Amino acid sequence: MLQAILDFYHSTGFYGLNMGSIIMMLVACVFLYLAIAKEFEPLLLVPISFGILLTNLPFAGMMAEPLLEVHEKLSASGAHLYTAHTAEPGGLLYYLFQGDHLGIFPPLIFLGVGAMTDFGPLISNPKSLLLGAAAQFGIFVTFFGAIASGLFTAQEAASIGIIGGADGPTAIFLSSKLAPHLMGPIAVAAYSYMALVPIIQPPIMTALTSETERKIKMSQLRLVSKREKIIFPIVVTILVSLIVPPAATLVGMLMLGNLFRECGVVGRLEDTAKNALINIITIFLGVTVGATATAEAFLKVETLAILGLGIVAFGIGTGSGVLLAKFMNKLSKEPINPLLGSAGVSAVPMAARVSQVVGQKADPTNFLLMHAMGPNVAGVIGSAVSAGVLLSLFG
C-alpha cells in the first residue's frame, strides 16, 4: 500500500517541482495579473503568460518532442536501409510551435495587421516615414552593443537587436532564421515590451521634450483618395521587395492585407484576415511563445542579457524618434509635435495611443492620435525592412 502511494506521488507534478519551475510559474502569474487586473495588452499577455505556466508544469509534456524509433535492415542488394516511425507523439504545443519555428505565423499576423491598418495618415504626411525610420535606430545600436558584450554572435546580436522595433512577429521571424535557439527569450522579451509600452515610453518622452513642445498642435491631415490607398500597397511591395528581397515575406503579407482593406471588392477576405484569422494566430503564437519560456532556457545569464539589451533597444528607438521629430520641428514650416517620434516603433496602435495620452496631459484639447498613426504604421514597415536587411547580411 505504501509503495502504491509512493508510486502515485512520483507520478504527480509535485514530485517534479523545482525552484526554477516555481519561479517561472510565479512570473506567469505576475504577467496574468498585469494582463487581467491592469489590462496591459491582455490579448498578448494572457496567452503568453498561460503558455509560460503550461510549459513549466512538471511532467505535463506540452512541449515534448515526438519519440522516434529507428530500425535498420538490409536490402536485397545488401545495402543498409533505415526506417523511422513515431513511437510516441509530441506535446500539443510542440506541434503548434512549428508555426513559429518555420516562420509561418508571423507573416499571417502581418496579413491581419495590414487588413486592420489605415495607411492614410502616412500617405497624407510622408514625412512621418522618417520618424518611423528613426525609431529603428535602436535596433542597430543594440546590435553593435550585443556584439561588443562578447556573449553573442553576429546572428544572435541581429536577432536581439530587432526587439528594438517593438514588433513581436518580426522578432520571431528573424530569430527563427538567424538564432532559433534564442527565439523563446527574444519573443517573450519583444511581446512583453510591446505590452509594457504605456509604462516604458512616457518617462523617455517627457524627459526629452519640454511642456511647450508637448502642447504643439498639428494641422489637419489632408484627405487621401481611394486610388492612392490602393496604389500604395502595390508600390511599397514592389519597391521594398526589389531593394531588400528578404523583407518581401513580411512586407508582402502586410500589404496584401492592406489591399484587401482598401480595394473594396473582397470584403469577406478582409473580414477574415482582420478578425478570425488574426485572432486564431494570436492565440497560437502567444501560447507557443510563452511555452518556450522554460526555466532551463530562461534562468541564465544570456537571457538576462537579452532582456536588458531588449529594453535598451526599445528605449533608444523611442528616444531617437523623439529627437528626430524635435530636429524636424526646427526645420519645418509647419509645427511638428515631438511626441509623434515615439510612435515610430511598430507597436500598433499602442505607441500612437501613448503619444495621444502624453500629449493630452500637457493640453487636454490636443488630439495627436491620427497624426501619430503615420509614424506608427511607418514603423511597421520599417521594422520589417530592418529585419530584411539583417537577414540579407547575416542569413
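Cβ coordinates come from backbone N, Cα and C, glycine included.
Over in Swiss-Prot, the protein carries these features:
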{"type": "TRANSMEM", "residues": "17-37", "note": "transmembrane segment"}
{"type": "TRANSMEM", "residues": "43-63", "note": "transmembrane segment"}
{"type": "TRANSMEM", "residues": "103-123", "note": "transmembrane segment"}
{"type": "TRANSMEM", "residues": "128-148", "note": "transmembrane segment"}
{"type": "TRANSMEM", "residues": "180-200", "note": "transmembrane segment"}
{"type": "TRANSMEM", "residues": "230-250", "note": "transmembrane segment"}
{"type": "TRANSMEM", "residues": "278-298", "note": "transmembrane segment"}
{"type": "TRANSMEM", "residues": "304-324", "note": "transmembrane segment"}
{"type": "TRANSMEM", "residues": "374-394", "note": "transmembrane segment"}
*Same chain, outside the transmembrane segment (230-250) by at least 6, Cβ under 8 Å from its Cβ: which residues?*
103, 106-107, 110, 114, 119, 123, 169-170, 173, 256, 258-259, 262-263, 381, 384-385, 387-389, 391-392, 395
*the transmembrane segment (304-324) touching the transmembrane segment (17-37) per 3+ Cβ pairs under 8 Å rule*: no
_Quick test of the contact rule: Cβ under 8 Å, at least six residues beyond the ends. What residues does that give for the transmembrane segment (278-298)?_
18, 20-21, 23-24, 27-28, 43-44, 46-56, 62-63, 93, 96-97, 99-100, 105-106, 108-109, 111-113, 115-116, 168-169, 172, 183-185, 187-188, 191
*Cβ pairs under 8 Å between the transmembrane segment (43-63) and the transmembrane segment (180-200), at least three*: yes
*Go through the chain and flag residues at least 6 beyond the ends of the transmembrane segment (374-394) whose CB is under 8 A from any CB in it; none is fine as an answer.*
110, 113, 117-119, 121-122, 124-125, 128-129, 131-133, 135-136, 139-140, 143, 154-155, 158, 161-162, 165-167, 170, 173-174, 177-178, 221, 236, 240, 244-248, 250-251, 254, 321, 340-341, 343-349, 351-352
